Amino acid sequence: MSEGTLYDKVWENHKVTTLPNGQDQLFVGLHLIHEVTSPQAFGMLRERDIEVARPDLTHATVDHIVPTADQSRPLDNEAAEEMMAELEENVREAGITLDDPTTGNQGIVHVIGPEQGLTQPGKTIVCGDSHTSTHGAFGALAFGIGTSQIRDVLATQTIAMEKKDVRKIEVTGELGEGVTAKDIILTIIRRLGTDGGVGYVYEYAGEAIENLGMEGRMSICNMSIEGGARAGYVNPDETTYEWLRETDAFADDPERFEELKPYWESVRSDPDAEYDDVVTIDGSEIEPVVTWGTTPGQGIGITEEIPAPEDLPADKQDTARRAQDHMGVEPGETMAGYNIDVAFLGSCTNARLPDLRSAAEIIKGREVHDSVRAMVVPGSQRVKAAAEDEGLDSVFKEAGFDWREAGCSMCLGMNDDQLVGDEACASSSNRNFVGRQGSKDGRTVLMSPEMVAAAAVTGEVTDVRELPKAEVEA
């Protein structure tokens, strides 16, 4: 076993060879695919008469274009139906498992992998989706890849990559009331910048990270890419192992779990591992964070004032002016009181069961504001079923939320769930780019699920700490 960081160890464990161009060829332990980025890759294989090398290490789902209101086939959207049908044909020919809506296992690719135990410490994981870094929460090296790389992995079960530096981000202390993993990652991106992670992989550590459950760790690793990093990870620990023990992969095979656990423990970063950079953030100073602009790095604490562009670094000033104009905000204001038209609770960042529970604690006993249309889109069919078993669906529906089927939904404008005109959306998703939620004039405010819930019932961005929580049964 090599020494150093988890990144060093897992990289070396999976390195096949070093290529003439200096890149390393890595074996891929898990390849996740979906309906949007895989069709061209399969087409390129057919042109060359190449078969999928390891269908047993490839797993498919549908999430990006699948509707969340009515998933009956054929889909009303012809383009979406064509993508679904093409994926079905591709996986059938290759012998790849597909979690479609008929299976009870369908959902966002970065939700179903962990919940089924496909995601494990010490694995290399790739997917044609930028938020593949989510799986790093388990101590995996997980990378988003492009179509040509999807082709290469399908054909060879390997990928050529350049090794990056490692930045350790220590979040110390205890989080305050109403502060979540989403607030941690928005704070990190705000401080280091959306390009601050370029050339790096992030290792998240410190008391505040260690105290998070797996869902919180996934939220943080999920948005590593928004901070410019190639990937992000958390070292596996007992929290990780307890999660895995209950998944499909190990619930009925405890012996296999015990066989793999020593390897998982061995890939943890060594206490004396050397890092290329170390950043420390005091978690006790973080408050609920919301974005005021059109990048995830344009965020502030809920009590802070929107910055004046001239007070920002020179290369950020023009972007800030355009963002403030688009969002209709002014320097010196806070985001508290910003009117909201739509509340979206979902996405691969925040659509897991604890996310829904925490939002339901705010929603219970209250009603969605008259000016707001609100929806909850569970991250997977399993999350949806578990939430319904706990009665969370009733909490949301009684308050006036739409309770939807699983999918990516309003995180991106590739399906029926989109903003209209200049609607402002309180969103638990990961990106607030202009046009991201379907309308070029739409305005997205990123925040935690609890903050989305608070905005839904007040009709404006609201400090969730001002709203007493109700009890919901877990």
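Glycine is no exception: its Cβ is also placed from the backbone N, Cα and C atoms.
Predicted, not measured: the structure shown is a model, and the values here were computed from it.
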According to Swiss-Prot, which candidate in CYS221, CYS348 joins CYS408, CYS411 at the [4Fe-4S] cluster site:
CYS348
I'd like the Cβ neighbour count for CYS408 ([4Fe-4S] cluster binding site), meaning other Cβ atoms within 10 Å of its Cβ, all protein chains included.
30
Summarise the region 'Disordered' (293-313) as counts of helix, strand and coil residues per DSSP.
3 helix, 3 strand, 15 coil
Per-residue Cβ crowding (10 Å cut-off), top of binding-site residues CYS348, CYS411:
CYS411
I need the neighbours of the [4Fe-4S] cluster site defined by CYS348, CYS408, CYS411. Which other residues of that chain put their C-beta within 8 angstroms of the C-beta centroid, in sequence order?
ASP63, HIS64, ILE108, HIS131, GLY346, SER347, THR349, ALA351, GLY407, SER409, LEU412, SER429, ASN430
